[in-house]
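As recorded in Swiss-Prot:
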| type | residues | note |
| --- | --- | --- |
| BINDING | Asp488, Asp494 | Mg(2+) binding site |
| DOMAIN | 555-614 | domain 'KH' |
| DOMAIN | 624-692 | domain 'S1 motif' |
| REGION | 692-723 | region 'Disordered' |
| COMPBIAS | 693-723 | compositional bias 'Basic and acidic residues' |
Amino acid sequence: MSEKQVFSTEWAGKTLSVEVGQLAKQASGAALIRYGDTVVLTAAVGSKKPRPGDFFPLTVNYEEKMYSVGKVPGGFLKREGRPSDRATLTARLIDRPIRPLFAEGFRNEVQITSTVFSVDQDCSPEMAAMLGSSVALVISDIPFEGPIAGVDVGRIDGKYVINPTIEQAEKSDISLTVAGTYDAINMVEAGAKEVSEEAMLEAIMFGHEEIKRLCEFQQQIIAAVGKEKREIELFVSDPELEAEVKAASEGKMKAAIKTEEKKAREAAIEEVKEEILESYKAKELENEAEILGEVAHILEMIEKDEMRRLISQDKIRPDGRKVNEIRPLSSEVGMLPRVHGSGLFTRGQTQALSVCTLAPLREHQIIDGLGTEEYKRFMHHYNFPQFSVGETGPRRAPGRREIGHGALGERALQYVIPSEEEFPYTIRLVSEVLESNGSSSQASICGSTLAMLDAGVPIKAPVAGIAMGLVKLGDDYTILSDIQGMEDHFGDMDFKVAGTKDGITALQMDIKIDGLSRQILDEALTQAKEGRLHILEHLTSTISAPREELSAYAPKIITLNIKPEKIKDVIGPGGKQINAIIDETGVKIDIEQDGTVYIASQDQAMNRKAIAIIEDIVREVEVGEVYTGKVRRIEKFGAFVELFKGTDGLVHISELAHERVGKVEDILKLGDEVTVKVIEVDQQGRVNLSRKALLEKKEQPEGDKKPQAEKKFYPKTKKPESK
């Protein structure tokens, strides 16, 4: 495959080209994907020998290059550093549909790297990378049961759209990524605006039709350039050893698995395993380490098979629940006195403490990646410490799993967040997982709903989440509601569904089998809705509506609208005016280009004071209005009176009184308060005032009255001489 070959088709109205044979020729397989003006190179490499361990060492990397959008990376080094959250989430998105399609017992290391070379904003580099990953694998000599493909699906005015453009995505009420093989769906990731289960299922199946077409396209590429698959040594237990271990442990393992409480069950299972392992250690075998590793693997498979048999055949779950039963629920709000809002949610032995923090809009997150620059005023972060599962270990920066679970919670809650106009705050949620026995990401969604209600955030509706599971033996399958850790680990599906009482707001599905049929997806969504409504009922029994007042420790934000041309007056030369207001009141001030002013502090009195100062600065006098101000300057021709901060007017000497005034000082002195009426605002914005207009006029003999000509009182000003 030394010569470049190009394969083309149409994808969502754009040209899709796959180029092989020119780039990255030393990789096991490589493909350059051109989708519109988006260009992504994906290379896959598989090791020749299996790696020690009892897991499949697959690594998927998605590398964003800032040059792909004509940008120079920020920071001192001016080069790409650690992956962005978006890159991390994309790597997970690609990993999830690919991983189930490697054979059981595959232990050779496989690494897939997608590098983004060029980005067309309307042609998703993520979907190009997913397609490239599949192509690189299927044309390589690495055994892989693909191809797979993925597509984005939107819905605009009831019509489904493949790979929506940025403009279309803004109008869509569904943001769905679905992946799978020609025969079945095996990965779903979605956010939505309270859509029905039926609409979501139709979106998934609509996407699958396009996936089928892309898989057929890849078959053409395989036929033309695909390599012969190499022979791989799969990890398989010794049949005699397996039978021996099974005979010694199966009865005890069955009893241990039926222990309902998690820690007690884990202890009982561990006791069975230790007993069997000790019996083999006592034999002092030559290849002891290898045998013990194999025995440990066999014991885990016995544990897995027995749990699956109990659920599938006996309809008994390890903790004794029915297949559609939710674990006991409890929740609490307001347990942290100094934070802005807090919610503790417990479901069985899974517990999440979520905290809501409110901040001025200036605290938003700026995201400057491969897309257009974004401003996020709503964030959800998820933390999973080792103590939550009773283990020790170092605390590191958030990993892929924590970033992924945080993003899922954010997506689930995004739709119910009030608009900036309705609630002008930056909102940050942090979910601390304190206990975990499955479904911790969904517990964080429930805890976050409680925390926002406790903080007084006027969300559109409460949101709850539930994780569904599946055990499939042949054609028989059992769908599980609210899965725990063991069911997640040994089951075939982790299907997370979040939403309000009116519809779905987020969806995430991962499976360990080849794919799922429409029937299973339909039943899982229906069963998930029942569980979600049950949890929502519990949440609203704890707190049914947002608190009417924000925490005393939360910033209070007042919004003021001024004319855009007045912004410069509020800011002042070099920021002098706005800094003086901040120094005087201690508030934070943000001004938008449209003239919207946000004033924030914990002290509402200071907010009001700052508002009053700004209103005075931007206030415009109107003819006929009456003001009480202080005399700031006296001249021979009249007195200058400060009507309000930043605005003076002139009371001409002839407007001080009805009778003739010889000297201004006979009527007014510096610092006097005087009530005046605006009689004119000239074309230059100068304000002429009258004191006598508010005084009762003394009666004058008819013959003494003389007509008065209209007067302009401001003295003429000379133009400054040019230097």
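Glycine is no exception: its Cβ is also placed from the backbone N, Cα and C atoms.
When averaged over the domain 'KH' (555-614), pLDDT in the model lands at 93. Note: the domain 'KH' (555-614) comprises 32 helix, 16 strand, 12 coil (DSSP; helix = H, G, I, strand = E, B). Per DSSP, the domain 'S1 motif' (624-692) is made up of 7 helix, 36 strand, 26 coil.
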